[in-house]
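Here the structure is laid out as C-alpha cells; the discussion comes afterwards.
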Amino acid sequence: MGEESKSENGENAPVYCICRKPDINCFMIGCDHCNEWFHGHCINITEKMAKAIREWYCMQCRERDPTLEIRYRHKKSKEKDREGDRERAEKDDMRVKAQELALEQSRNSKQIKRSARMCGECEACRRTEDCGQCDFCRDMKKFGGPNKIRQKCRLRQCQVRARESYKYFPASPWLSDTDDVPFLDPVLRKRAVKVKHVKRREKKSEKKKDEKYKRHKQKQKHRDRSKHAERVDAKDPSSLHQCLGPGCIQAARSSSKYCSDECGMKLAANRIYEILPQRIQQWQQSPCVAEEHGKKLLERIRREQQQARLKLQEMERKFHELEALIVRAKQQAIKEDEETSEGDSDDTDLQIFCVSCGHPINPKVALRHMERCYAKYESQTSFGSMYPTRIEGATRLFCDVYNPQSKTYCKRLQVLCPEHSRDPKVSADEVCGCPMVKDVFELTGDFCRVPKRKCNRHYCWEKLRRAEVDLERVRVWYKLDELFEQERNVRMAMTNRAGLLALMLHQTIQHDPLTTDLRTTTDR
C-alpha cells in the first residue's frame with residue numbers, strides 16, 4: 001500500500017502515484033523498493049507489459065540507487081524453441097545421412113545386381129538349404145528369430161562375389177550369454193544392416209499403430225500373467241487358504257472358502273445356533289409397531305370378507321327369487337284388450353335414432369331393433385382368457401365356451417353372450433309376463449299379459465334381469481378375491497417379519513429403553 005498523507009481538502013485519505021490521487025479503479029504497479037503504488041497510465045506501463053516484469057523500481061528509487069534495475073521474466077517458450085531447434089537440427093542431420101547412405105546403396109545396387117553376387121560355381125552357390133545353426137539362420141523367422149539382420153545363411157553366401165560388408169559380422173553364436181561384449185559393434189551393425197535394406201523413416205500413423213499394439217501386448221501379457229498366477233496358486237499347496245469350516249484343517253477349494261459343501265453347512269448351522277436365540281429374545285422384548293398394524297389390518301379384512309359373503313348370499317337369494325318370478329309370470333293368461341290399448345297409445349309420427357347403427361327407427365320397435373343391433377356389433381369382438389372360471393356354488397356366470405383358434409375361454413356373461421347363445425324361439429301363445437311397477441321401482445303385483453311376440457315395451461326382460469343379478473354377483477366375487485389376496489400378503493409379511501432369515505439379517509438396537517416403544521398412546 002502507498003503512504004498515507006493529507007489531501008488538499010485536509011482529510012486523511014491514501015493517495016498514490018506521481019499524480020497524488022486516491023484513484024484505485026485502474027491498473028496499478030508497485031515499486032519493489034519503496035512500496036509506492038503507481039497508476040499504469042501515468043508511467044506508461046500496461047497490464048500486459050507488467051506480466052513480463054519480475055522486479056520493478058520507480059524513477060526516484062533508480063536515481064537514488066543506480067544499482068537498481070528493472071528485471072524481466074524469461075519466457076519459457078524461448079527455451080522450448082531453442083530445444084526444439086536443437087532437436088530439429090539433429091533430425092535434419094540424421095535425415096541427410098540416411099539419404100546419403102540410400103543414394104550410395106542405390107548406386108552400388110545398380111552396379112552389382114543380386115544375381116551378379118553369385119558365381120554359381122562355388123559350394124555356397126550350389127547349396128539350396130539353410131544350415132539353421134549360424135547367427136543369420138537363427139535370426140530368420142522360420143527358425144524362431146526376430147528377423148532383424150535379414151541376411152542369407154553364411155554357408156550360402158558366395159565366397160567369390162559376396163559383399164565385403166558380410167565380413168564385418170563375426171561368426172559368433174546368436175544371443176550369446178556374455179553381456180559384457182555386445183553382439184556387434186554399433187557402427188558395424190549399422191553398416192551391415194544398411195547394405196541390404198535402408199531403414200525408412202517411420203510415419204506418424206505407423207508409430208501410433210505400434211504404440212497401440214504395444215499397449216495391447218502389455219495388457220495381454222498382464223492377463224496371461226494373472227491367469228498363470230491363478231494356475232500356479234491352484235497348483236501350489238502353500239498358496240491355498242485353509243477351510244473356514246468348524247474344526248476343519250483341509251485346504252479350501254479354488255474360488256471358495258470351504259473345502260466342501262458340508263463344511264459350509266456346518267458353519268451356517270453354528271451361526272444360527274449362536275445368533276438366533278439372542279435375536280428371538282430381543283424380538284420378544286421390544287414391541288413391533290408393524291406387527292400391531294398388521295393385526296389391525298387383518299381384522300379389517302376379515303370384517304370386509306364377512307360383509308362380502310353376506311352380500312353374496314343375498315345375491316344368491318335374489319337369483320332364486322328371480323327364477324321363481326319368471327316361472328310364475330309364464331303361467332299368466334293372455335289378454336287381447338291390453339294389446340289393442342297399448343297399440344293405440346303409441347305415436348307413429350315420432351322417430352328416434354339407434355345408438356349402435358344410427359338409423360332412424362320407430363319408437364314402437366326401438367327396443368327390439370337396438371337389442372338386435374347391439375348383439376350384431378358385439379359378436380364381432382371376443383373377450384377371452386386362457387383359463388376357465390371355476391367358482392364353487394356359483395351357477396350361470398360366465399360363458400366359458402372354448403375357442404380352439406385363439407385357445408381361450410369366453411368371459412362374457414352367459415345370459416348376454418351374443419356369440420355362443422341365442423334367444424329361444426317364442427311361441428304364439430306365450431305371454432310377456434314382465435312384472436308391472438309404479439313410480440319406477442315399486443312393484444304392483446301384476447304382470448304384462450300381452451303376447452310376447454307383440455310386446456315392444458318389455459323385449460327380453462328376463463335376459464336383462466338375469467344379467468343384472470349375475471353382474472352384481474360377479475362384482476361380489478371379485479371383491480372377495482381381492483380381499484383374499486390382501487389377507488395373504490399381510491400374513492406373508494407378518495410371517496417373514498419374524499422368520500429365520502429376517503431375524504438373522506435385521507436387528508433393532510435399543511439405545512434408550514424408555515423410548516424404544518414407538519407406538520402412540522392410542523395404539524397401546
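Backbone N, Cα and C define each Cβ position, glycine as well.
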Range annotated coiled coil in TrEMBL (choices 298-332, 403-437, 438-472) is 298-332
Same-chain residues at least 6 beyond the ends of the coiled coil (298-332) whose Cβ lies under 8 Å from its Cβ atoms:
393, 430-435, 447, 449, 462, 465-466, 469-470, 472-473, 476-477, 479-480, 483-484, 486-487, 490-491
Treating G and I as helix alongside H, and B as strand alongside E, what does DSSP give for the domain 'CXXC-type' (110-159) in helix, strand and coil?
20 helix, 0 strand, 30 coil
With DSSP helix as H/G/I and strand as E/B, how many residues of the domain 'PHD-type' (14-64) fall in helix, strand and coil?
14 helix, 12 strand, 25 coil
Kindly state the mean pLDDT of the domain 'PHD-type' (14-64) in the predicted structure.
87
